[in-house]
Amino acid sequence: MPGCGAAEGADITSTGTDATDGRPGGGAAAGPPPPAAAQVDLGGLAALRAVLRIRPFRRLWLVLGVASLGDWLGLLATAAFASAQVSGSVQQGLAFSSVIAVRLLPALLLGPAAGVLADRWDRRYTMVICDLLRFVLFASIPLGALVIDRGTTVVAWAAVATFFIESVTLVWLPAKEAAVPNLIPRSRLEISNQLTLITTYGVTPVLAAASLSVLDRSLRAAVRTPPEWAEPANLALYFNSVSRLALAVVVFFGIREISGRTAVGPDGGAGGMVRQFVDGWKYIGQTRMVRGLVLGILGAFACGGVVIGVAKFFAVSLGAGDAAFYMLFGALFVGLAAGIGAGPALVRALSRRRWFGMSIVLAGASVFILAVSVHLALALAGAVLVGTGAGMAFLSGTTLLGGEVGDDVRGRVFAFVQTATRVVLILAIGLSGAFVGIGGSHEFRLGEAAFSVSATRALLFVAGLLSIFAGISAFRQMDDKPGVPVLRDLWWSIRGRPLSAAHPVAGPGLFVVFEGGEGTGKSTQLAKLATTLIDAGHRVAVTREPGATPVGRRIRELLLERAEDAVTARAEALLYAADRAQHVATVVRPALERGEVVVSDRFVDSSLAYQGAGRTLPDGDVAWLSDWATGGLRPDLVILLDLDPALGLRRAADRGTPDRLERESLAFHGRVRQAFLDLAATEPARYLVLDAGLPIEILADRIRERVTELVEASGVRLAPAGGLR
Ligand SMILES: Nc1ncnc2c1ncn2[C@@H]1O[C@H](COP(=O)(O)OP(=O)(O)OP(=O)(O)O)[C@@H](O)[C@H]1O
Ligand SMILES: Cc1cn([C@H]2C[C@H](O)[C@@H](COP(=O)(O)O)O2)c(=O)[nH]c1=O
């Protein structure tokens, strides 16, 4: 019933399904994006079953599958049908390509306006009316041939009907794309997109080509010349027509949940339409995530267009002719299927925004492999990787569009993307084909060596660069984990434990940490620095790990003071992490948010050095644990006081009875020292490494200089005046 919400009408049988996620107008825009982990909360098959248990989605998917089969049949059949109406290879070729061209033309003319209609009208009625129109138009093509005598008129009508069909599709598609995310909880959007993409681009085109060929053979075997109405191309068009009727009926009677949203404001007239159109463009231009998404998609399509445009020439350059061409295309599709089918299982909980950018970079980098391939085997491997990157980008991009773009503007964004991709694709295919034709191949000499560079390979190289650039730009625009190392995040995500997003510190403070082995002078220098900063008028929070909070003090006692208790290495790592979590949440972050300079005696590096190198626990595990405990918080500066452990331990012993860790072997403390130095070497800009054997005052001067620089660079961020806390 129009006007009712999907949640009300949703027929969701899975008890685990969050029906509120499917509410029209809600979900995507209403709240922050769900944690990436939520998208992979079920195993592959279980997730698939859960999605298929959502009845409105299942109905839509089934009927869309049939309609997609009809569309592929229709595409192949309309083109074949047009060729069959004329004789002579030139005319047939012209008829074939003009039908294909006519299918692309409406997007250029009407695409952007279609999105406004999808966001304006009731999406269910839009889909139903569009499908009824397509039912009539598809049927009119073969029926026209029965009543019209002249072949050219039949072709002309086929072209006109195709033009109208495409125009109607332009309105239907954004309405459908914008409606689907409202039927499915966001956590299941990805798996439903996987299913839909595989059905639309994997199963149905193959099924369409196979069924047309089987139909053709069996018909000709049964009756040598079948009547005109029973020609396979005609039958395919009838099938396409009927599949559209079926879709209209199912959507109208069976998926009422698609209705129930009206984005039209009080100004519902033509002026309102123009405003909505302009608002849609503004939204795309001003929303970082959408801007990144569009940039990435267009870059990827430009790259794909170039690859398609040069594919024939490239196959020739491999010396394997047409066979190589078809094999490369096959390889590309194998990669696409692998990317869409296996991508989510591979990257697991990786942020989808990051995954999108990375996939485009993968596709671009793989185009380089094509550019330098002189052997078919390498080229095939490159094509599989290009496809894999493209497939993963396609899936993550579609999921982000559905899940993170507000319902009220989703139709316009989809319409923009569908139009822009077509334009870019056609331009890239056309221009690259022309460029390669003109460019040919050139021979260069470098001393004795001669080598030739073909326009095909040069263009592939440019396409790869373009795609990498688009991927990186998209990544930067959309990154939801700024500051979190990309490759480490990817690696840990593949292992099932993505790094946490670095929660931005709301406030403007500075975080300085002292690190080093035992007795290196951290407490001594920390006190001096605090005094200097306070004298300079800054508010300073002096703190330490472990033991800066009431909970932390009890943990410290367990860890260091009860030497008789045997604490295992893992328990020790967890206790330090627990102390850190409490410390960051209740002391460090609040002080940073108040704009103070937080100076801490030890932080994450101590865990990496003592538990990682000292206790030989896996570095990655310790790093991940600390990252989780701190929510990704990193110091602005780490001051590492480096000293021979034998000397440091002597200094510490002079201070009093050694604690549990100070009693560890010299070899243990040697490993700890080396680990600190290694950490500093990986990020020299963030570390100040000092020889802790120098006199106290000299060290204090060096530290003051460096921290003053940092404070000055941070400008007015710091809170003035205050005292040692
Ligand atoms: N540069 C230095 N030269 C000589 N002695 C120093 C120097 N810095 C500190 N000391 C002395 O070394 C001892 C340990 O110093 P401090 O407590 O500051 O080290 P720490 O690194 O905080 O030790 P721990 O990590 O074991 O707590 C103190 O007695 C201190 O006076
Ligand atoms: C934070 C942290 C500390 N440790 C060790 C290092 C020292 O032996 C003690 C702390 O004593 P201090 O006198 O306060 O320096 O704990 C560690 O092993 N792991 C850590 O994460």
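FYI, residue positions are counted from 1 along the chain as it appears here.
Glycine is treated like the rest: Cβ placed from N, Cα and C.
Remember, TrEMBL labels are computer predictions, not curated facts.
Per TrEMBL, the features are:
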type	residues	note
BINDING	Gly516, Gly517, Glu518, Gly519, Thr520, Gly521, Lys522, Ser523	ATP binding site
DOMAIN	514-703	domain 'Thymidylate kinase-like'
REGION	1-35	region 'Disordered'
TRANSMEM	60-82	transmembrane segment
TRANSMEM	94-118	transmembrane segment
TRANSMEM	125-148	transmembrane segment
TRANSMEM	154-175	transmembrane segment
TRANSMEM	195-215	transmembrane segment
TRANSMEM	235-255	transmembrane segment
TRANSMEM	292-311	transmembrane segment
TRANSMEM	323-343	transmembrane segment
TRANSMEM	355-374	transmembrane segment
TRANSMEM	380-401	transmembrane segment
TRANSMEM	413-438	transmembrane segment
TRANSMEM	458-475	transmembrane segment
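The local packing around Ser523 (ATP binding site), expressed as other Cβ atoms within 10 Å of its Cβ over all shown chains, amounts to 14.
Sequence-ordered, the extra residues of this chain that approach the ATP site, with Cβ no more than 8 Å from the Cβ center of Gly516, Gly517, Glu518, Gly519, Thr520, Gly521, Lys522, Ser523, are Leu641, Leu643, Gly648, Arg651, Ala652, Ala692. Within 10 Å of the C-beta of Gly517 (ATP binding site) there are 29 other C-beta atoms, taking all protein chains into account.
In this view, Gly516 (ATP binding site) is surrounded by 27 other Cβ atoms within 10 Å of its Cβ, with every protein chain counted. Non-local neighbours of the transmembrane segment (323-343) in the same chain are 194, 197-198, 201-202, 307, 311-312, 314-315, 355, 359, 376, 379-381, 383-396; each lies 6+ residues outside the stretch with a CB under 8 Å from one of its CB atoms. The transmembrane segment (355-374) is in contact with the transmembrane segment (458-475), judged by 3+ CB-CB distances under 8 Å for residue pairs 6 or more apart in sequence. Residues Thr520, Lys522, taken from the binding-site residues Gly517, Thr520, Lys522, are distinguished by a CB atom under 6 angstroms from ligand 1. Spatially, the transmembrane segment (413-438) is not adjacent to the transmembrane segment (125-148); fewer than three Cβ-Cβ distances between them are under 8 Å for residues at least 6 apart in sequence. Packing against the transmembrane segment (458-475) from elsewhere in the chain are residues 292-293, 295-296, 298-300, 302-303, 306-307, 309-310, 314, 353-354, 356-368, 370-371, 428, 432, 435-436, 439, 486: each is 6 or more residues past its ends and has a CB under 8 Å from a CB in it. Its Cβ placed at the centre, Thr520 (ATP binding site) has 28 other Cβ atoms within 10 Å.
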